[in-house]
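In what follows, a single structure is set out as C-alpha cells and then discussed.
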C-alpha cells in the first residue's frame, strides 16, 4: 500500500515523523510524496500554540477530503492528539486512528489493528530506523525527549513529559550511521539541549557530546539548537570556540528581558544574567551568530516592560530573531494569570519588534558583503542559474540562504564551496564562487 506523510511543527517532531516513515518502510509499505497517490495518510501534528493547533486542524480536514478518492485510512499522531484526543475523536470522525505520544510504544500494534495486519513483528519507533526527509547533507540528531523547565506559558512538559536523555553511546551510534549515509551536517536538538545528560549522568554533558561528534570523520559541521541562557557554561563556550567543526551559532530562546515578566514566566534567568551571557559569548567567539526567540504580550506585560524589551533588541542587535505573540494555552499557569493582554496590543507589539529586527538584519547582512564564506550547496533554482546553500550562519527553515551564481560546468550539489558575498537582500545573501588561491 502507498503511504504519504505530513509533518507539522518543529524539527523534534520531524524526527518522530522520520521514525514513523521508517516503521512503514521496514514493513514493506511504499512511501509516496503526493498525498493524492496515498492509500494511507499519516499526519504528525503540533499542538504547541494556537496557530499550530489551527494549522493541524486545517491539515486534517484537508486530508480528510482525499478519503473520497484513493485514501482509505487517515492516521493522526503527535502533540495535538496528546492534548485533545477525546475531543478530536468526536469532532473529526473521518480520522481512522488517533495516536497520542503516550501510545507511541504500541504504535505499530495500533496500526496493525487498523489495517487488519499480522506482521508478527515487534516494531517500535527507533532512532536507528529513520528515513531522512531533510536531503542528502543534513540530519537532525535528537538527544532527549521532554522538558523539566515548566515555563508558565508552555504546555510542552504536560504534552511530552519530563526530560529524558539518550545515552551518549546511542547518540554516537546514530551519528556514525548518519555519516555513513553521506550526512555532512548534524543539528543537535532537544527541548533544552543544555540539560543533556543531567538525568542519567548527574551532570550536563552537552560539551562532551559535541566533542565526540566532532571526532566522526565524515561530519564537517555540528551545530546545536535550543540552549537556555542560565545553562550556558564557560566549558560550552570554550568547546564551541575551539572546535572548527562546531558552527559558531548559539540559539538562545530568552523570551523576554524584563525581570518582572521573566519571573511571571518562571524563567530561571533574569535580565542581567541574559545580558552577561550574550556579552561573554560575543567576547569569546567574535564571529558568533546569536539567534533568539521572544514572546510579546505575556500577561501583565506593561508598556514599560515592552519598552525595555524593544530597547534591548535595539542595543543587542541579534543576528537572528523570532517573535511570537503570547498564546493562552489550556492547563498552563499563565492562562490563569490576570491582566491578559488584548489581542490588538499583542499584534502591535509583535509588528514593532519585527520591524526593528528587519532593519537590524538588513544592516547585519550588508556587513557580510565582500566577505568569503564556506557554503554547503543543497539545491538549485529552477532555471539552474543559481546554486542555493547555507553558511554556518544559517539553520534550515529558520534562517536565510545564499544564492551562488552558477558559472561552472562542475556539479557542485552536496558539496562545500567558498563563496564571496556580492549583495544582500531581505534575509538572504547573493554571491559568486571564490577560487582565488586554489
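Placement of Cβ uses the backbone N, Cα and C atoms for every residue, glycine included.
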**Q.** Further binder of [4Fe-4S] cluster 1 named by Swiss-Prot next to 46, 79, taken from the candidates 10, 71
**A.** 10
Q: Sort the binding-site residues 147, 151, 154 by C-alpha distance from residue 46 ([4Fe-4S] cluster 1 binding site) and give me just the closest.
A: 154
**Q.** Least surrounded among the binding-site residues, given as 10, 79, when other CB atoms within 10 Å are counted
**A.** 10
Q: Using C-alpha atoms only, work out the spacing between residue 154 ([4Fe-4S] cluster 2 binding site) and residue 79 ([4Fe-4S] cluster 1 binding site) and round it to an integer in Å.
A: 13
Q: List the residues of the same chain that sit at least 6 positions away from residue 151 ([4Fe-4S] cluster 2 binding site) in sequence and have their Cβ under 8 Å from its Cβ, in sequence order, or write 'none'.
A: 255, 265, 266, 267
**Q.** Distance, residue 147 ([4Fe-4S] cluster 2 binding site) to residue 79 ([4Fe-4S] cluster 1 binding site) (CA atoms, angstrom)
**A.** 14
